[in-house]
């Protein structure tokens, strides 16, 4: 996406997730047998299949497999939709030929492919800045995954109606994403994520101190924690795509998303372990985890109004100080 639309699109695309969470609680209320429930909610994915035929194939993949004229057609369509001018066809065809030759050089055998994959993953640990991004973001995604899904599934620790709880937890995500738009534009990416984690930590660490007869207040604090963890999850998704250079973006996103799945995997086991004996411990563990995620982000830098790095060399040469405005350059990415 072009820079002015990136934050809007990055945030608003997750709104459908919130509605789906609310709908899921309704279907779960009507269909109590989990196998039928899983089958029923999976069927609508079939609706997506016809839509796949409206999407163009990746021009890079077409170039790699030698379908250069088809790739050229896709690029022309993209240029027309975005009202930009492409270089001459012969220049584009020459670039495609180079891409195809380079891909053939690194894809001669299965062993070569495995070595290439290993090399690409190791690139995420090859320099100080990319190594810092990799470690911090993998940790933060693991924590935010645990927070987000753990708070969605935490009804039993509060002794409330499961279906209503899940519906409310989905509903609070919608205002969280709406207020995130102006806040991110005002505070920037980094501070928005840090503040989201910090507020999450404060409310979750406060919740165990609430007397049992004030259950409504406990639920309100948990829902505020869910709202702010939603803000953290959504904004960190945008933040990481601007931190990681284009050269290793796919690998970096894959690794950090695996971290979020690990956090989501841990959450239900943690809840099951404490819900009977120490129900308050869920909030304490989640709150302390949010605090760790908050502190871990401090060494990173703001990405708003800074030219995004295309390569690891660009990242290494990027000045990340925030004291001088002369070090902040407008984004110069050219996109069709």
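First residue shown is number 1, and so on along the chain.
Each residue, glycine too, has its Cβ placed from N, Cα and C.
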Matching range for TrEMBL feature annotation, transmembrane segment, among 280-301, 302-323: 280-301
Selection from 36-55, 132-150, 162-180, 280-301, the stretch that has most Cβ pairs under 8 A to the transmembrane segment (192-210): 280-301
Chain residues in Cβ proximity to the transmembrane segment (36-55) (below 8 Å; excluding those fewer than six residues from its ends, i.e. six or more beyond): 24, 27-28
